[in-house]
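Each remark here refers to the structure printed beneath this line.
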Amino acid sequence: MVSNLLKGLILFSLFISFLNGDDKIFPVTIRDLSPMTNPDFEIKNNNTLVKGIVKSKLNHSDRSPVYCCGDNHAPSNDAYNFVVHNQSTFHSWFHDVPGVNVPVLSKLVFKQNQTDPRVFYYETPSFFPIDDLGFKDPNYKGKKINEPNYMSKDKFAHNYHFCLEMHASFFYIGGEEFNFKGDDDVWVFINDDLVIDLGAPHTAESASVDLDKLGLIKGKSYNFDFFYCERHTTESYIHISTSIDLECKWKDYCGVCEGTGKCCDVSQCTGSLSPCGSWECPPPNIGTKEWKYNCIMKEPNCTLLDTMCTSYECNAISKTCEPRENVDPCAYTNSCEKKVCSEELGGCYEVEKKCYSEAFSDPTCYELPCVNGTCTVNRLCDIPDKCIISTCIEGNGCSHLKKQCSDKDYCTIDSCSSITGECFFDRVKDCQPCNETLCATDESNLCVRTECNPYDNSTCNEIKLVDCDDGNLCTNDICDPATGKCSNLPVVCEIKDACNKPQCDMVTGKCIVTDNCNDNNICSDDSCSLDGTCIHTKKNCDDGNKCTNDFCKVDIGCVHSNITCESSSVCMVASCDSNKGCIESPIVCPSSAFCLVAQCDVGYGGCNQYDKVCIPDDPHCQYGICDNSTKKCTFKDFDPLPFRCQSVAVKAGVIGGAAIAGVVVGGAVALGLALFGAKAGYNHWMSLKNNQMATSSVNPLYEPSPHQGTNPLWEAPPT
């Protein structure tokens, strides 16, 4: 038989073990609202649950829920009413809006469940955390609102109009759960996914999440975001219990756990601002509450937008980059030419010559240069020699024929003055008599005659009466003996296509094709259509490397500049792959110790270090401890050990559903449970006059634990 002393020691041990639990304190942001500032509060509703008010994905950038329906009402179960007006009214639930809400930094204190040390809970049937705060705070300096008192059922005035947000994170180890019961709106996001959706003013509703069913990876960190709104009288009940090991890894400059700097108002930023600059809120990790002195000035670099044909400048009013007005990208170096700019064809190029004349359009005979802004004509066939007769042969250049000076006297030397063009016939001294028989000539040939040699009458000279050589290799020079006239016939070149006329090269005498479609732009590929139309297409500068920007400039040709790959977030490193282009990889954050895990967090603004989580094989029964000195994880049993973790021998010792003395099996354990069977023992204990524990209501023997602890005495074990 157990002695009375032993009974007392057992009872005392159980009582102390229940009361010595640890608390967890979580910072929360509560925004005081009012029906006077937001019509979504005290809105008519039939006290029923409405799902779908928020979208299934959290806005990751500021960790806020996204309203479902834009400028439309939220869905409702009541055809005559709605529960949210629009995205504008919803915005002030979880964002600071001066005059509409008042942010209040507060905290929730979670108690540890003694049945299961992993579980922490928060519960109150009267959840009014900001009574006499917010708009009613004596220190509130904003515009006062004329709000009536809203009374509870027991005729006490409370603040029934507020929204709360709590942010944390956790390393998933397995077996975690989250349970909620309460009113009104509640949304829970894990890893940015909506896992609990209890929308609209309603009576207390329950929801649970088994994290093992969410596809999470053990040892990986995940965000946890909790949103709660009280929007209607006359109750405010909340109960939360969870085995998720939530932690606040950092606080932003607003004092919010894992916040995104929502309290920042760029209109309050202080500093030197350039004419085209604008303020941006600082990253959450600046480590100071003086955010207004740490704002980041953003100024657009408009030169990055410049193209070959357009330059940009910043508009100081709109603070955006705009094209410069009245700026001609094609500055004329020659006022006789017209240029246009084409992004596709590589910049400025000549499209039209102002110096043009139909009479002087043959480029083989004429040039039309622009000199000091004036068009001039250069006649290529004109030479100063008066003894040369020059003409233009269209398409074949210049013909230069010598003036014929002949007196048909073999005793004279015939010449021409290049200055005056006058013929001279100088007599040869001691000219020898001519042997007419020897040097007889054909008088009918007017191109060539045979004359005696004035210096040697035993020989004759063949004299050209007409010199038809015009000095142009692109003509066939022929003298007609009957008439003595020259024919300088152009070389005939075969036509290749409808655009490009062939012509003879005066230097070589050979036919060449002059590219009439050549626009003198190295950034265009020129071709000719069947109908004789010139076609100019953009030159293909693609080098096959996806890490280069390939383009053409009229003064250079193809250019291949390296592209700049920008990362999508502070936690990604951008690089370039010649086959794939820009790619990203996660940034590697260095850790300073074995028991610290370095991770990059976008919300934090970069790398941060957290305590390493050691994952036991059975998280329900053990917890891990990291040792920097040994660089190992060790695991220890929870003390007291939850009933589900007890050995078979201990569990077998539970007689009739009672627990062996000294083993914590529930929040309310009486000594009589060790002496009597489960139900019989409990009934006997309850029948004892005035024998009640203050904690017995927390976890009664025959009711499930509201704090997620397993009650092994819920049913008597089979006999």
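Please read every residue number as a count from 1 along the shown chain.
Glycine too: its Cβ is placed from the backbone N, Cα and C atoms.
Feature list (source: Swiss-Prot):
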- 112-260: domain 'PA14' (DOMAIN)
- Asn46: N-linked glycosylation site (CARBOHYD)
- Asn59: N-linked glycosylation site (CARBOHYD)
- Asn86: N-linked glycosylation site (CARBOHYD)
- Asn113: N-linked glycosylation site (CARBOHYD)
- Asn301: N-linked glycosylation site (CARBOHYD)
- Asn372: N-linked glycosylation site (CARBOHYD)
- Asn435: N-linked glycosylation site (CARBOHYD)
- Asn457: N-linked glycosylation site (CARBOHYD)
- Asn562: N-linked glycosylation site (CARBOHYD)
- Asn628: N-linked glycosylation site (CARBOHYD)
- 1-21: signal peptide (SIGNAL)
- 22-653: topological domain 'Extracellular' (TOPO_DOM)
- 675-719: topological domain 'Cytoplasmic' (TOPO_DOM)
- 654-674: transmembrane segment (TRANSMEM)
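Shown on the structure are the features that Swiss-Prot records.
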residue	record	DSSP (3 states)
Asn46	N-linked glycosylation site	coil
Asn59	N-linked glycosylation site	strand
Asn86	N-linked glycosylation site	coil
Asn113	N-linked glycosylation site	coil
Asn301	N-linked glycosylation site	coil
Asn372	N-linked glycosylation site	coil
Asn435	N-linked glycosylation site	coil
Asn457	N-linked glycosylation site	strand
Asn562	N-linked glycosylation site	strand
Asn628	N-linked glycosylation site	coil
Distance check against Asn628 (N-linked glycosylation site) for the glycosylation sites Asn113, Asn435, Asn562, keeping those with Cα within 10 Å:
none
Would you mind sorting out which of Asn46, Asn59, Asn86, Asn435 (the glycosylation sites) have a C-alpha within 10 A of the one on Asn457 (N-linked glycosylation site)?
Asn435
Asn301 (N-linked glycosylation site) versus glycosylation sites Asn86, Asn113, Asn435 - nearest by Cα:
Asn86
Which is it, of Asn46, Asn86: the one of these glycosylation sites whose Cβ has the most other Cβ atoms within 10 Å?
Asn86
C-alpha of Asn562 (N-linked glycosylation site) to C-alpha of Asn86 (N-linked glycosylation site): distance in Å?
47
Looking at the glycosylation sites Asn113, Asn301, Asn435, Asn457, Asn562, which sits with the largest number of other Cβ atoms within 10 Å of its Cβ?
Asn113
How many Å separate the Cα atoms of Asn435 (N-linked glycosylation site) and Asn59 (N-linked glycosylation site)?
120
Counting Cβ neighbours within 10 Å across all chains shown, tell me which of the glycosylation sites Asn59, Asn372, Asn628 comes out on top.
Asn59
Determine, using Cα-Cα distances only, which of these glycosylation sites is closest to Asn372 (N-linked glycosylation site): Asn46, Asn59, Asn86, Asn113.
Asn59
Please name which of the glycosylation sites listed here, Asn46, Asn59, Asn86, is nearest in space to Asn113 (N-linked glycosylation site), Cα against Cα.
Asn59
If you average pLDDT over the domain 'PA14' (112-260), what do you get?
94
Write down the Cα-Cα distance for Asn86 (N-linked glycosylation site) and Asn59 (N-linked glycosylation site), rounded and given in Å.
17
Just to verify a number: CA distance, Asn86 (N-linked glycosylation site) to Asn46 (N-linked glycosylation site), in angstrom, no decimals.
19
